[in-house]
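See below for the structure under consideration.
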């Protein structure tokens, strides 16, 4: 037998398989990092040089932008500085315009006056529930007036309910020359008694408390009133409306009786033309 040959490093390298040799070679070579590869690629890429005309144009555009004030929010985006754009309208201006539109739609010439607010409570099994009651008078200032009341847990909601109820129950009152009542009248509700009287021009509204709100909303400029028996605003308002509902105009009386308005005025000493003029002024 032949003697075993001693294994040396040279012999091991010769007998190694090709795959192992390739793996050892890869381990021996240093690997490049990702940053190094990017830097190498940028260095190899040639830079594009600007022409003299392009450089001058860019410089002039930059100087012009620095000289002009910066606009915040344009017509396209509708930013806050631009006060709302034409396309989207999301800025402050767009919101304000929409709010103003709603206000114009709600403002239909009706006068709203808050007469009284009081706190109310309801006793339930778990305790007391507190709320608010509102009394509101509304009118158009041209002979129509109404009142309503509303209850809610919050004051604004109570006022809103009272206003809606008042708008539904408006009545028309005949006015003389558009400024005062045609004749005196009395009204009563509960313990409250109210007296209303016609007045000459320049008298003003001689009324206090809830009654003044009624005549201001009605459009009366001259009237004298008196209230006795109660200071409850609800009773005073109801008594005032009772007196106003009894108001009649000479025109309506003449129609019921089949006569002319001039005949009802009793102007025996006046001419027919003057009587007709007075009748036209007094009629609705």
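Positions of Cβ are set from backbone N, Cα and C atoms, glycine also.
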>> Need the matching range: Swiss-Prot marks region 'Disordered' on one of 207-245, 246-284, and I'd like to know which.
In response: 246-284
>> With helix taken as DSSP H, G or I, strand as E or B and everything else coil, how many residues of the domain 'S5 DRBM' (110-173) land in each class?
In response: 14 helix, 38 strand, 12 coil
> What is the pLDDT of the domain 'S5 DRBM' (110-173) when averaged and given as a whole number?
Replying inline: 94
